[in-house]
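Below: one structure, written as structure tokens.
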Amino acid sequence: MEQTLSIIKPDAVKKGVIGKIIDRFESNNLRICAMKKLQLTRCDAEAFYAIHKERPFFKDLVDFMISGPVVVMVLEGNNAVMKNRDLMGATNPKEAEAGTIRADFAQSIDANAVHGSDSLENAKNEIAFFFSTREIC
């Protein structure tokens, strides 16, 4: 069984669609092994998105991610990384297929409702960033 990280971003939390997004995961055989709601600090967001530090959108991304609470989850299932990415849809909600999380709940390429790990290796690192092993069950 694979594990992947999912973050429900501040825009979706503010809209009150946490439950609807979780339902998408559970309805598609992705089990929630760990979950917490938290407010990222600037330091947290900068460290988590450090891979994008030199990109022009980095400051806006960090500002957005600290603009409100997020819900961080570990999802588990067969092909969890790709299944989660398929459920999320394209990064730009205007390009996301109908019925995907971003098509249904995202506002823009910046406020795009969810984050999901893009590889198994990144999933392991991202999960470890937010959760200790004893928190995952």
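Cβ atoms are placed via backbone N, Cα and C, with glycine included.
The ATP binding site annotation in Swiss-Prot covers Lys9, Phe57, Arg85, Thr91, Arg102, Asn112 and is backed by sequence analysis. If you look up Swiss-Prot, you'll see His115 marked as active site, pros-phosphohistidine intermediate, on the strength of sequence analysis.
Structure with Swiss-Prot features highlighted.
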residue	record	Cβ contacts under 8 Å, 6 or more apart
Lys9	ATP binding site	Phe64, Met65, Val70, Ala111, Asn112, Ala113, Val114, His115
Phe57	ATP binding site	Asp110
Arg85	ATP binding site	Gly116, Asp118
Thr91	ATP binding site	Arg102, Ile109, Asn112
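Each of the recorded positions Arg102, His115 was assessed for Cβ neighbours inside 10 Å, and the highest tally belongs to Arg102. Here the Cβ of Asn112 (ATP binding site) has 23 other Cβ atoms within 10 Å, regardless of which shown protein chain they belong to. Following the DSSP three-state reduction, the secondary structure of Arg102 (ATP binding site) is helix.
Taken residue by residue with DSSP, Arg85 (ATP binding site) is part of a helix.
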